[in-house]
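These features come from Swiss-Prot:
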BINDING   CYS146, CYS149, CYS159, CYS162  Zn(2+) binding site
BINDING   LYS335  ATP binding site
DOMAIN    575-676  domain 'tRNA-binding'
MOTIF     15-25  motif ''HIGH' region'
MOTIF     332-336  motif ''KMSKS' region'
Amino acid sequence: MATSQRKILVTSALPYANGPIHLGHMLEYIQTDIWSRYQKLRGHECHYICADDAHGTPIMLKAQQLGMAPEEMIAQVNKEHQQDFADFNIAFDNYHSTHSEENRVLASDIYLKLRANGYIKSKSISQLFDPEQSMFLPDRFVKGTCPKCKSPDQYGDNCDACGATYSPTELINPKSAVSGATPVMKDTEHFFFDLPAFEDMLKEWTRSGALQTEMANKLDEWFEQGLQQWDITRDAPYFGFEIPDAPGKYFYVWLDAPIGYMGSFKNLCDKRPELSFDEFWAKDSKAEVYHFIGKDIVYFHSLFWPAMLYGSGYRQPNSVYAHGYVTVNGAKMSKSKGTFIKARTYLDHLDPEYLRYYYAAKLSSRIDDLDLNLEDFAQRVNSDLVGKLVNLASRTAGFITKRFDGKLAKITDTTLTEVFLAKQEQIAEFYETREYGKAMREIMALADIANGFVADAAPWQMVKHDDQQEAAHQVCSNALNLFRILVTYLKPVLPRLAQDVEAFFQQTLTWDGLGQDMAGHEIAPFKAMMQRVELDKVNAMVADSKENLQATTEPEAPKGPLATDPISDTINYEDFAKIDLRIARIVKAEHVAEADKLLKLQLDIGGETRQVFAGIKSAYSPEDLEGKLTVMVANLAPRKMRFGMSEGMVLAAGPGGSDLWILEPHEGAQPGMRVK
């Protein structure tokens, strides 16, 4: 039971207003919506707000391609986004746009406060300029090879492969993503946010419990590398807010985008006078603020955003929760395979409750990627929701309606009810800590118990005997009460089903009412509540996604591993000759405390022992590695890590996680031999 009412503001990351929502996006909105609905079910004051991220060069250029004004395009996209979210039963309390007066005022206010407090620096920089388009190139419109890990085809602000951040001028072999031209350097004056000034505050905040352990560990790496001043300026032409007192200069989209959380809430406060903006955002606020985001935008939300808030006199979020990516059938979402599925394409074929449940069943508090296996998806929904949950009511409700005037009996044996109610605090804890998968397993285990009870009692046999009518009434009433408890537990996940069940019971399902005595309560006639997932509908959805691809006339992507990891840019022989690869024997392997992905390896390279930290924990146990031969980069500069010094790198193949295989040379190779 909730002991006191909390005041909570919860957000999802703002979808970019230049295209449709897809099933990868939907993971986050479903995750956040479940958490928000759970808080409201417990009686807390919870406001779930979001907005379209509507600024930046990509939007300006996309609008030009469509022959539209940017304002017209983002209004159209906003309408489409809101319809998709509504049809997936995402219950925002407010959905707005960063291109709003509220956001302009707040962005200017925060900037001016940062400037007054000495956190904005001005300097002349040399920036990449497209000579064919006569425009400065924002970081996302320069592509090249990552200067840190050498992955090709990376954007000019951060690397999707290794997570590093850098300036566009650090890219190797940069190209304009607008024209393909090789950019030239041109001087311009820019304003910078002095992020290094907040290092001590950020270190304290990131270790305060505000972040998941994996996120905090990643931030430690960034702290070790040193924080850099952040360029918050973009030159005209640009679609966004002009910087105060700086004609022709605009706020970089990542400055005003997170402020969009505040802008959307301010818009809600203007609609609802009883709400106080300052009660949630003032420095001394006692309300709670939580951000749900994808792991690709951790840097902005865990460094820039809390520092901006602190430096301008606002409160920091209580927590930032990151999740992983969505894969489909074990691979990256693919347009050519039809697994890059838009939200609208899914809705054209399947019930949104199916996906809400499947994502919930696989979500945890960790930052693991989630695989949408379409065959498993159909099997799990059919087994859990149709076969276990709804079936519990469908095979008992008819007897209550036809034989007992639609009224439930006084249950004399409350043993099962007590078992079900005893789980409420555990299930509540799982919802609160975002361990939805554990909650779903607990609930389905209870559903198994309830179905076993009905199967053993067999009320369909009881009703054939005059002397067993009351026993049948007891069994069916008990089963329906257990069904009511189960659906109440699932109400944050399955809001549409919960509505149907509320109509069936003719009452609202509440957490405080879990233990309600239902004796004499009248139910409505039972109606079908959920249909089985048909594989032909799943296949039709995939086929439609392929057709959508064909309509765009994009070339088919490469097949196999090259589809997600293309060949890197060509290097010459001299570059390759600099890499010293050696055979190494793994003498010892052990776990690293507080590291989720690392194993510590002691490597014999023929007369010398090296210590290497390798991110292969998900694929190997230490005991499986000891004694094996492998290949290491022997002349890689040592890297100081939080856990110790790493003196090289072992080579492995695979997409990552548990799908990694270290290279194992033939037994004829000996430690120390050079790989040529």
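Glycine is no exception: its Cβ is also placed from the backbone N, Cα and C atoms.
Sequence features annotated in Swiss-Prot and their locations in the structure.
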{"residue": "CYS146", "record": "Zn(2+) binding site", "DSSP (3 states)": "coil"}
{"residue": "CYS159", "record": "Zn(2+) binding site", "DSSP (3 states)": "coil"}
{"residue": "LYS335", "record": "ATP binding site", "DSSP (3 states)": "coil"}
Can you break down the domain 'tRNA-binding' (575-676) into helix, strand and coil residue counts using DSSP?
7 helix, 46 strand, 49 coil
I'm trying to understand the geometry here, so how far is the Cα atom of CYS149 (Zn(2+) binding site) from the Cα atom of LYS335 (ATP binding site), in Å to the nearest whole number?
27
Pop the mean pLDDT for the domain 'tRNA-binding' (575-676) in here, whole number is fine.
86
Looking only at CYS146, CYS149, CYS159, CYS162, which of these binding-site residues has the biggest number of Cβ atoms within 10 Å around its Cβ?
CYS146
What are the DSSP helix/strand/coil residue counts across the motif ''HIGH' region' (15-25)?
3 helix, 2 strand, 6 coil
Cα distance, CYS159 (Zn(2+) binding site) to the residue listed as 'ATP binding site', nearest Å?
22
